[in-house]
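See below for the structure under consideration.
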């Protein structure tokens, strides 16, 4: 019995008992009965949580009696527990955080352990006097979990940049960081206008945000010429704590600006217009791509006031109001407005202004907003003002003799444009005599027939035909048919009236016989013949 009742002496030496109650130590101190560290009926327990890999909970039950005999009390007058742990791969023991100064507690949670690591743990009752302290009792070996804060979060995305940019959109791409223990579920992308505090999130399904290799997305509805910051982070399906921190653009990215529409680089017609082509349309050439704008914006072509009431002038209007009434306007209809291409505007005036008046300055106004930029947000085209004057080439024509009578000439007259025609003959003073009635040459036939009457029989004439452009009295021309010289006209009539057939009777002989008595006649009583 004494051999089984050994106890640690003050110097940790073990001595034999002198009797059944106690034994003398080597230094003559008394040996003591040690405390039982834990109950034999309730073993020590280790609980490894599933939400953390850096802590475990250890529990035990107080022992009864002494270590050698539960039925005998120990000599422990004051007891507290001491718990130590060590890595299974090492030999050094230590008291973990959370398990210090346990007192009489029978449980503690060891903190700040290493993740996914095997540990040994032990516990003993520390007594006063020290010699009554118990031996160490071991816990079952355990390993911490690889969960919670033990898992490595993903690293922040990097190299955020714009791969293409427009006035209202921007394509942003970036590279994923290290995955860590994150199970990838997608990226979250946000943007912020420079100078503001609010971040705007894009849908997680936008672009290729659900693709980890080379994600990109096009952000639309941005403002032109505006700077934006962008940031992205990786999201994880196995827990939000593993999501990456935000990866940010170091410098803001800027959308393009919509340049204003400049004045046309070319306008037709402009200034003095000559040539055979009648200006019946307006053409404006621009340097930027445009669309048709507001259809209510006005386009007008108006004659200028260059005359007076007494002399209307080339534009044939006597006042500003009169000129305004002769304007051709888009709002009045019959004006074709279309884009021949993204940079060429055509305005067809044929229906309302088939032929501008000769030498009349026309003022053209194309209001702001007739066109707009293709880039958005669209900007209106500026107001364009200019003028042109049409000075066509002189009309050309021909006149031929069709037929003649003793007192008239019938002429066939043709022109290269519609003209109103009168013909006459040149008189001795150089003027025109016997002027015909006006006839219209419209081009529907190859000629117009003009008859000059009141002429002298068998007479050669120089015929002059004067034409004025229909609807444009300023544009006039004449064609002439010269008389033939008599020396060159033996046996021919040239441009001449016909011979009067009665002029072949050169004399008339009248025989008058006197029937009166002789005494009443002349002296000789002879007949008298008169020659006419």
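Cβ coordinates are placed from backbone N, Cα and C, and glycine is handled just like the others.
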Among ranges 463-497, 498-532, whichever one TrEMBL labels region 'Disordered': 498-532
Average pLDDT across the domain 'Fibronectin type-III' (42-147), rounded to a whole number: 88
DSSP helix/strand/coil residue counts for the domain 'Fibronectin type-III' (42-147): 3 helix, 41 strand, 62 coil
